[in-house]
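What follows is one structure encoded as structure tokens, with my remarks underneath.
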Amino acid sequence: MAATPAGRAVKRLVVLVSGSGTNLQALLDEIHRTGVTAYGAEIVAVGADRDGIEGLARAELAGLPTFVCRVKDFGSRGEWDTALAEAVSAFQPDLVVSAGFMKIVGKEFLARFGGRFVNTHPALLPSFPGAHGVRDALAYGAKVTGCTVHFVDDGVDTGPIIAQGVVEVRDEDDESALHERIKEVERRLLVEVVGRLARNGHRIEGRKVVIQ
Ligand code: GAR
């Protein structure tokens with residue numbers, strides 16, 4: 001098993017995507033740039049809730065195994081959740097990263113990966129949770145927004161916060177321009193946080209995340 005310069009095992013990451021996968025790409029690029037052992041983690045598989053997305057194409061280009069778990073292929077949301085948990089478990093990850101994965105996972109998934117399932121959200125939580133964080137901040141008239149990297153719990157974007165990045169809202173912003181600026185900050189933050197979690201380990205004390 002590969003080890004980091006500090007002698008710790010390189011962590012295994014499974015990344016979940018639903019769309020363009022630029023956050024996944026940022027992780028791939030950084031791991032490629034630094035090398036797996038210096039970064040402290042390697043991506044061992046990429047999963048999605050739909051076919052034909054750029055995120056999966058990026059994974060395939062990087063030579064990574066991929067899997068797709070679509071809600072509509074299962075009789076119930078619970079069955080889908082169990083299947084997703086099984087598919088992820090098969091790769092024995094230390095951390096699971098939701099990088100633009102637009103589904104709420106259920107009990108079975110959290111039972112297996114709670115406390116090590118990281119999500120990135122395009123707003124400053126607890127403001128503007130849910131599927132439209134950028135649009136909602138803009139509509140509210142917020143002057144600053146940003147991104148939040150957090151652990152997933154059983155609520156919608158309510159889990160313990162690991163790190164946040166701030167982005168100013170400009171008068172001329174529409175949702176797409178603002179989201180692009182947020183994603184520039186978000187990609188750097190996610191790469192930094194996942195690396196630190198992998199290299200140093202963490203503990204969760206109530207709502208507080210402490211990275212050793
Ligand atoms: C990111 O901005 C991420 O925060 C957001 O989707 C985008 C994915 O971009 N996720 C959510 O809104 C989850 N509620 P990417 O596919 O280019 O990485």
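Keep in mind that glycine also has a Cβ here, set from the backbone N, Cα and C atoms.
Some features that TrEMBL has for this protein:
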type     : residues                                      : note
ACT_SITE : His121                                        : active site, proton donor
BINDING  : Gly21, Thr22, Asn23                           : N(1)-(5-phospho-beta-D-ribosyl)glycinamide binding site
BINDING  : Arg77, Met102, Lys103, Ile104, Val105, Asn119 : (6R)-10-formyltetrahydrofolate binding site
DOMAIN   : 11-194                                        : domain 'Formyl transferase N-terminal'
SITE     : Asp157                                        : site 'Raises pKa of active site His'
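Overlay of TrEMBL annotations on the structure.
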residue	record	contacts (Cβ under 8 Å, 6+ apart)
Gly21	N(1)-(5-phospho-beta-D-ribosyl)glycinamide binding site	Val46, Ile53, Glu54, Gly55, Leu56, Ala57, Arg58, Ala59, Ala99, Gly100
Thr22	N(1)-(5-phospho-beta-D-ribosyl)glycinamide binding site	Gly100, Lys183, Arg187
Asn23	N(1)-(5-phospho-beta-D-ribosyl)glycinamide binding site	Val17, Ala99, Gly100, Thr120, Lys183, Glu186, Arg187, Leu190
Arg77	(6R)-10-formyltetrahydrofolate binding site	Val71, Gly106
Met102	(6R)-10-formyltetrahydrofolate binding site	Ser18, Gly19, Asp49, Ala131
Lys103	(6R)-10-formyltetrahydrofolate binding site	Ser18, Asp49, Val71
Val105	(6R)-10-formyltetrahydrofolate binding site	Asp81, Leu84, Ala85, Phe117, Val152
Asn119	(6R)-10-formyltetrahydrofolate binding site	Val97, Ser98, Phe101, Val149, His150, Phe151, Val152, Asp157, Gly159
His121	active site, proton donor	Pro129, Gly133, Cys147, Thr148, Val149, His150, Asp157
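Among the recorded positions listed (Gly21, Thr22, Arg77, Lys103, Val105, His121), Gly21, Thr22, His121 have a CB atom closer than 6 Å to some atom of ligand 1, in sequence order. Within the same chain, residues at least 6 positions away in sequence whose Cβ sits under 8 Å from that of Ile104 ((6R)-10-formyltetrahydrofolate binding site) are Val156. Summarising the (6R)-10-formyltetrahydrofolate site geometry, the residues cited as binding it (Arg77, Met102, Lys103, Ile104, Val105, Asn119) extend over a maximum Cα to Cα distance of 20 Å. In the three-state DSSP scheme, Asp157 (site 'Raises pKa of active site His') is classed as coil. Of the chain residues outside the N(1)-(5-phospho-beta-D-ribosyl)glycinamide site list Gly21, Thr22, Asn23, Val17, Gly19, Ser20, Leu24, Gln25, Ala26, Gly55, Arg58, Ala99, Gly100, Lys183, Arg187 have their Cβ within 8 Å of the site's Cβ mean position.
Under the DSSP three-state reduction, Ile104 ((6R)-10-formyltetrahydrofolate binding site) is assigned to coil, being neither helix nor strand.
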